[in-house]
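Below: one structure, written as structure tokens.
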């Protein structure tokens, strides 16, 4: 988030981060409420997932929306896959750039592209975990590593004091704000996990109550992003990397942090990867008629997709801009566009005129903000990516993990 705050400025970035967090949480609640209503209408045992909720909401709407139901479901699944695989590409770069810095501390100068090829092996092995229940302890280890790594990183950022804020940008240009928006919305995009988490709870009602798991969890996530963004940008200014670990230097403590956080990201890869695979795998099995060899098909397809994410990570000249592009394009649609649309469909028959028009106004504002960020962020990200490809000597980025 330090990289995002550099583009947002010290005045607007904190305000916009809180605003994006509040809107994202509200949209997650809209999705949950719509899912609950679809479950009740169909007397289902479980809440439908994101794509199923979108499809069912469109099916219960006017004739014009009914025709779009399957298309919208496919579009949501596409955006989820692109976003999740985008995370996976970023993870490749994150681990590789941190390992490269560790090697440099011991005077081993290995090109980051070769480091990526080395990291492919453990990432590929972790992606072979096909059962979600076995991913739970792996995800727990990842979270512990990330929390410890971030805590130590914040200590390093604060232990010698911070420079005068007058040395940092308070405001930035509209185009830089567009890049901030894409990175920030990508960081907050966890809406694809909301319904699976609610379904997995012993008492699903505890998930979305006022002091439930969702609100409390997002509150602490927002605080973490704010702290990392503010400290990172004030401490390192325009030299701040997409991951604060890359600014720590070559001390022993810094190397330990980089190893710890890299391990956390490595263990986090299979969960992000699993979500996309679960969406795509049924179509692969159907296309190649692998009904009698589903495990072999699963493992083969997983191997291919790990290679694809490696290839993208190797080819894209600046993954920081790639983060912003995916955030502006896919994460905006998932987090800020689809939830207001389905609420407009589900609650179109509200009897109270005042409540109905209040809902129209609220969702119109969210959609306008989302479309503004979508257009500006996508345009600016694509423009910068084209510049990177056009340069004679594109540099490999050091800007992967958006939460540090």
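Cβ atoms are placed via backbone N, Cα and C, with glycine included.
TrEMBL labels come from automatic prediction, so no person has curated them.
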Per TrEMBL record, range annotated transmembrane segment [choices 216-236, 384-404]: 216-236
177-195, 196-214 - the one TrEMBL records as transmembrane segment: 177-195
TrEMBL annotation of transmembrane segment - which of the ranges 139-157, 158-176 it falls on: 139-157
Contact between the transmembrane segment (114-132) and the transmembrane segment (177-195) (3 or more Cβ pairs under 8 Å, separation 6+): no
